[in-house]
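Asker: Next up is a structure, given as structure tokens.
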Amino acid sequence: MIHVLIIEDEPATARLLQAILGQIETMYFYDVLDSVTDAVDWFNTNTNQLDLVFMDIRLSDGLSFEIFSKSNIQVPVVFVTAYEEYTLSAFKTTGIDYILKPFDKVEVQRAINKYKQLYLNTKGQNLNTLIDIDALRKSFQSYKQSFLVSFRNKLIPLSVKTIAYITTTNEVSIAYVSGDQKYVLDNTLEELTNLLDPKDFFRANRQFLINKSFVKDLDYYFNGRLIINLDVMITEKIIVSKVKVPELKKWMGM
């Protein structure tokens with residue numbers, strides 16, 4: 001018998017998962033939890049034997065990765081998610097498995113088979129070492145989609161898609177959009193580098209953070225450096241050092 005805990009905020013999905021698991025193997029279901037808060041409370045107060053956890057990534061009160069930082073999980077975890085498969089590459093080889101919604105019996109069976117292999121190979125060991133939570137968190141990190149900025153005595157939402165580049169002057173970050181309109185942002189350039197999706201925004205140097213959608217072309221410059229030309233008017237040269245050129249080329253090809 002496999003002792004299972006399900007953490008899933010969609011009741012229909014939880015019921016389907018229970019039904020399929022019951023067809024595959026003899027299961028004992030401890031509970032179905034629907035939030036990070038409830039899951040943390042459960043792990044911190046229960047000492048019951050637990051063999052396997054099925055865990056949705058997006059729960060009603062946040063990402064399930066928070067559970068790992070607030071409790072000590074010593075069992076294998078199978079993640080359940082609606083994300084496309086390519087976004088899950090960060091943890092395909094970390095010793096856990098995932099089920100992609102909408103799932104069927106074949107996928108659940110695969111996860112159970114993976115669990116059995118994992119259990120036999122790691123019995124008595126600390127299974128936390130098999131879970132690359134940092135990689136998972138980075139794969140599903142929620143990046144900023146907009147900023148609230150001041151404009152003509154009002155606060156307006158500024159979509160990151162409209163930002164051509166962000167520069168810093170005297171430690172003040174300024175976002176430029178097409179048409180030479182600019183807005184002051186509350187965050188430092190370093191903070192913005194982490195807040196914005198790296199697939200879309202590139203830290204060209206200490207002064208500039210640029211949006212790929214507005215890159216026109218690249219010019220060769222002295223000593224192996226490159227200049228980034230944008231589709232918007234800009235008076236300064238955006239120079240990328242020789243060391244960062246490979247990173248820039250890789251980013252442009254993403």
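Using N, Cα and C of the backbone, Cβ positions are placed for all residues, glycine too.
Quick paste from TrEMBL:
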- 3-116: domain 'Response regulatory' (DOMAIN)
- 147-254: domain 'HTH LytTR-type' (DOMAIN)
- Asp56: 4-aspartylphosphate (MOD_RES)
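What's the neighbourhood like for each of these?
Answerer: Under DSSP, Asp56 (4-aspartylphosphate) is assigned to a strand (E or B) in the three-state scheme.
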Asker: For the domain 'HTH LytTR-type' (147-254), how many residues does DSSP put in helix, in strand and in coil?
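Answerer: Computed counts for the domain 'HTH LytTR-type' (147-254) are 24 helix, 49 strand, 35 coil.
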Asker: Please work out the number of neighbouring Cβ atoms within 10 Å of the Cβ of Asp56 (4-aspartylphosphate), leaving out its own Cβ.
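Answerer: There are 24 of them.
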Asker: Taking only the residues in the domain 'Response regulatory' (3-116), give me the average pLDDT of this model.
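Answerer: On average, pLDDT over the domain 'Response regulatory' (3-116) sits at 83.
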